[in-house]
Amino acid sequence: MSFDYDLFVIGGGSGGVRAARMAAETGARVGLAEESRMGGTCVIRGCVPKKLMVYASGYPDQVAAAQAYGWDATLGDFDWTRFRGKLHAELDRLEAVYRKLLHGSKVEIHDARAVLEDPHTVRIGDDKTVTAKHILIATGGHPVRPDVTGAKWGLVSNDMFLLDRLPETLLIVGGGYIACEFACIMAGLGVKVTMYVRGAQILKGFDDEARGLLAEAMRHRGIDIHTGTSLTEMTREGDRPGGPVPSGSDAASGGVATMGLPAGERPVADDERPDAADASRRAGPIWTRATNGTSAVFDHVLFATGRAPNTDNLGLDDAGVTLGRHHEIVVDDYSQTNVPSVYAIGDVTDRVQLTPVAIREGMAFVETVFKGKPTAVDHELIASAVFTQPELGSIGETEEQVAARGEAAEIYATTFRPMQTAFIDGPGRVMMKLVVSAETRKVLGCHIVADHAGEMIQMAAIAIRMGATKEDFDRTCAVHPTMAEEMVTMRHPVRKT
Ligand code: FAD
């Protein structure tokens, strides 16, 4: 049977673009459909714009540090509009680079939504169908709002890059990495940030000591973290029964905003907003009530309450592709679905939701299908960073996970004030921690809370993936004076588990 393409990729994000390019470079005829902007979540509404905002939000600290070191430096006002213009110009540039790379590899681009019709047929837009020997689904995921009355008034992460202006007050619902990163970003930009975290601490799943230290640092930055707290209800302040809250009352403690819908404009329903361009329409004042009984008013509410795979209305039923409990596409170690011609990679499979993982899965798919070298992606020991201030870098198991498995471990940990903070007030404490197997002496986990922890954990990850033992760390001569030297100078365990 002859097909229009050897490979058709649905989704032009991190995983899809890499897989399409690499497959095309083997000589395969490749088509790719992207319904929004090339580059996907990472480039357009995730890692890249987020990190640029992290940089922007860090300058007040740098000016304060410069002052402490004797510089006559002053911090002026932050011009959000100017920054946003530069941010989007950079995203445009990156999107163009992605397109150029695809063109250069001779991938045919279709700027349209694509859905499956059967195991070898893809419908592009309304009226075009193509056939492909292999179909790769790389449609990513989307942020979800919780089932809370008035949730339509909340923003999601996509919206944060599109705000008309910065709010004065922001409630962030959620305690995961996206919530914490935006909390630090917005606090750094001068926004008064409150967080409602359902659990007992931020960053569930990360090392307990690390997240505790980070929460302390975030609170020191003025972020008002309420743990054990969920949002139960919200509405636009003017629509609330009983009308606006008198200023100065408890309920106004989040700060009453000056922004609102233009007179006569109605709220926008979720299904009316295909993208986040109307984020500012959701500007408050937004009245909220929480499980702890407090009600407060904020300019904006951001939901960072999880993401769901983009599998709705994708024709997966028609093609017979099996979905999992969370609507993710179920795949085997080689990213193959139950339908032999259909593969899936990246966030849509809900394995590990990180850009480098989606890229690796794309490359492994090409090795397997187009280079005849069956390659499974190893999802163990993936390092990651939370770009808060300070950052949290981590790889491997936490102390709690190792204890839960019942493996005897030695914990090496230290907290200290880095030299750079010698002249600066504030907690400024950093943490380095190694979780070491008592039996094999292998380093099972490494957790760092410090500025540039993301950079440090990348390096530590190489050693840990190679199976480094604590003694390998000890034999490594320190680089002095650095923060990271503590990683190779911790002589005695602080406890054994
Ligand atoms: P995506 O990059 O989401 O791409 C999927 C693409 O498919 C999208 O462009 C979408 O428009 C398109 N699409 C969907 N359906 C269709 C269809 N039917 N037809 C055509 N096109 C379609 N990861 C990190 O590693 N580090 C970070 O610091 C980091 N920060 C993040 C910050 C935020 C705020 C968010 C939201 C995510 C972050 N991530 C980070 C996660 C990372 O962005 C994702 O894991 C990664 O982008 C997943 O890649 P993907 O290829 O699976 O999907």
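Cβ atoms are placed via backbone N, Cα and C, with glycine included.
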* Asked: Pick from G40, G306, G315: which one does TrEMBL list with G174, G175, G176, Y177, I178, A179, C180, E181 for the same NAD(+) site?
  -> G306
* Structure fact -> Checking TrEMBL: of C47, C184, the cysteine bonded to C42 via disulfide is C47
* Look up H480 (active site, proton acceptor) in the DSSP assignment and report helix, strand or coil. => coil
* Structure fact -> Whole-Å Cα distance, H480 (active site, proton acceptor) to K51 (FAD binding site), is 28
* Asked: DSSP three-state call for D347 (FAD binding site): helix, strand or coil?
  -> helix
* Structure fact -> So K51 (FAD binding site), by the Cβ count within 10 Å over all chains shown, scores 14
* Structure fact -> The mean pLDDT across the domain 'FAD/NAD(P)-binding' (289-362) is 97
